[in-house]
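*Asks:* Can you read through this structure? Questions will come right after.
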Amino acid sequence: MDYKAAGLYTLDEALETVGFGKFQGFVLGYAGLGWFAEAMEIMILSFIGQAVKSEWQLSSGQESLLSTIVFAGMLLGANTWGLLSDNYGRRKGFLTISMVTFGAGLLSTFSPNYLTLVVLRGLVGFGLGGSSVFLSWFLEFIPASNRGMWMVVFSTFWTFGSIFEAALAWIVMPRLNWRWVLAFSAVPSFALLILYGVAPESPRYLCMKGNTSDALRILEKIASVNQTKLPPGVLLSGRSNDKDEESSPSENTAPLLPSLSKTTTQSKSGFSSFFMLFSSKLIRTTLLLWVLFFGDSFSYYGIILLTSKLSSGQSTCFPSLQSNINPQDDGLYLNAFITSMAELPGLLLSAILVDRVGRKQSMAIMFGLAFIFLSPLLIQQPAVLTTCLLFGARMNAMGTFTVASIYSPELYPTSVRTTGAGVASAIGRIGGMVCPLVAVGLVNECHQTAAVALFLVAIVVSIVCIQLFPYDTKGRELSDTS
């Protein structure tokens, strides 16, 4: 159907016309703050574990549980928040996410004992599981033509959150204690609550729900703030658009995912959006994303935890890696800060590749480079070389993590986007849960080779998985309904 001849325009045409301007800049800042907060809370795991272990005389297993419980909470939260935001709206999703994360994060600073700290950090993890909601929300405001670049820019908030947390721990831990680090790290989540009132609902979500008038009001506000105009005509609702696409697909622009059959759509009311992920047209995408996110998270967090264990002077296995510093001194924080800085060139590399060679090959290239940097760590290396290799490995691991986070929500229609991306992220959290047991446990027991070998296997499996995805999403419009 010729929409222009009929006096109609689609949501994607509206977003292309108004372009990326000041309005999307605010959306970027708010959603990015959500990722900034998550990165800080995750990076805490690299710094407070040893301090808590020393204060409460914990075993290595109890120390590892502090990391594992956060990822367990994220696993549960990723499923919960995705379903909530797909059914009740993106705004309600990140309101409750921010409340849970800030509340549990602040209370954990007053933990009187180990058990209380574990429970509260698990609740923090539950809140952090909603990061895919922020990502999907931002994604739904961006024109398709430069979506890849802006999603990479969005991912810089994670990197700056990691760098900021390393700097915060470097300043606070030697002077105060781990409780203050927890308190300061809860501040970004509090800022999300303060700014919640001015955050708009996703117009794509509103169109998908049939609330075209509300979506139009937001689009008009975007056009006003950006000092542009909407296309002439009437906004086409997402539901009408998909019905037309079923009878007359566009010759020029392929949607990211074909609409499911009418029978499936009509039966959706009898199933949750979670079960829609296993429909005939989504199951392959869903399962491949699960494997990809598991391998990506396992290797990414493995590199982070290897950095803390191999650079903190705690190793009793390799004398050359030991130092005279203790966990309260600068060595651990300096090395963590340096390797966190590695994420910046990783983001630059992903920005260069993502809209040039596509999502799939970008991930394959950077996974391959991460494999090359990690391989020498199968055997003992000098301390400086170890830091350099971890720098290179983290640079590329961050790049693959960034592109995977872009690719995941692009593959799903709006009706199940945050659920699909959230569940994939949740599977990644399982990789994060297993990772502390490998990186901390094996390295502590002088099995560095076995730990690194497992990370390399995860990378190889991920590369194979990437090649099995049926298509790339570069330059394609988002699909609005399932």
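Cβ from N, Cα, C; glycine included.
Copying in the features that TrEMBL gives for the protein in this structure:
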- 27-474: domain 'Major facilitator superfamily (MFS) profile' (DOMAIN)
- 233-261: region 'Disordered' (REGION)
- 27-52: transmembrane segment (TRANSMEM)
- 64-84: transmembrane segment (TRANSMEM)
- 93-112: transmembrane segment (TRANSMEM)
- 118-139: transmembrane segment (TRANSMEM)
- 151-172: transmembrane segment (TRANSMEM)
- 178-199: transmembrane segment (TRANSMEM)
- 287-306: transmembrane segment (TRANSMEM)
- 332-354: transmembrane segment (TRANSMEM)
- 361-378: transmembrane segment (TRANSMEM)
- 419-443: transmembrane segment (TRANSMEM)
- 449-469: transmembrane segment (TRANSMEM)
*Asks:* Count, for each of 118-139, 151-172, 287-306, 361-378, 419-443, the Cβ pairs lying under 8 Å from the transmembrane segment (27-52), and report the range with the highest count.
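*Replies:* That would be 151-172.
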*Asks:* Give residue numbers and ranges for long-range contacts of the transmembrane segment (118-139): same chain, 6 or more residues beyond its ends, CB-CB under 8 A.
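*Replies:* Apart from its flanks, the transmembrane segment (118-139) reaches 27-28, 30-32, 34-35, 37-38, 41-42, 65-66, 69-82, 85, 90, 93-94, 96-105, 107-108, 111, 147, 151, 154, 189, 202, 405-406, 408-410, 417-418, 421-422, 424-426, 429, 478.
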*Asks:* Compare 151-172, 178-199, 287-306, 361-378, 419-443 by their Cβ pairs under 8 Å to the transmembrane segment (449-469) and return the stretch that comes out on top.
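*Replies:* Ranking 151-172, 178-199, 287-306, 361-378, 419-443 by Cβ pairs under 8 Å to the transmembrane segment (449-469) puts 287-306 first.
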*Asks:* With the transmembrane segment (287-306) as the reference, which stretch in 93-112, 151-172, 361-378, 419-443 has the largest tally of C-beta pairs below 8 Å?
*Replies:* 419-443
*Asks:* Same-chain Cβ contacts of the transmembrane segment (93-112) under 8 Å, 6 or more residues past its ends?
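*Replies:* For the transmembrane segment (93-112), the sequence-distant neighbours (Cβ-Cβ under 8 Å, at least 6 residues beyond its ends) are 34, 37, 41, 77, 81, 84-85, 120-121, 123-124, 126-128, 130, 133-134, 137, 179-180, 182-183, 185-186, 189-190, 192-193, 196, 199, 418.
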*Asks:* Taking only the residues in the domain 'Major facilitator superfamily (MFS) profile' (27-474), give me the average pLDDT of this model.
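*Replies:* Mean pLDDT, the domain 'Major facilitator superfamily (MFS) profile' (27-474): 79.
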*Asks:* Who are the long-range neighbours of the transmembrane segment (178-199) in its own chain, taking Cβ under 8 Å and residues 6 or more past its ends?
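*Replies:* For the transmembrane segment (178-199), the far contacts come to 26-27, 30, 33-34, 36-37, 40-41, 44, 47-48, 51-52, 55, 91, 94-95, 98-99, 101-102, 105-106, 108-110, 127, 161, 165, 168-169, 172.
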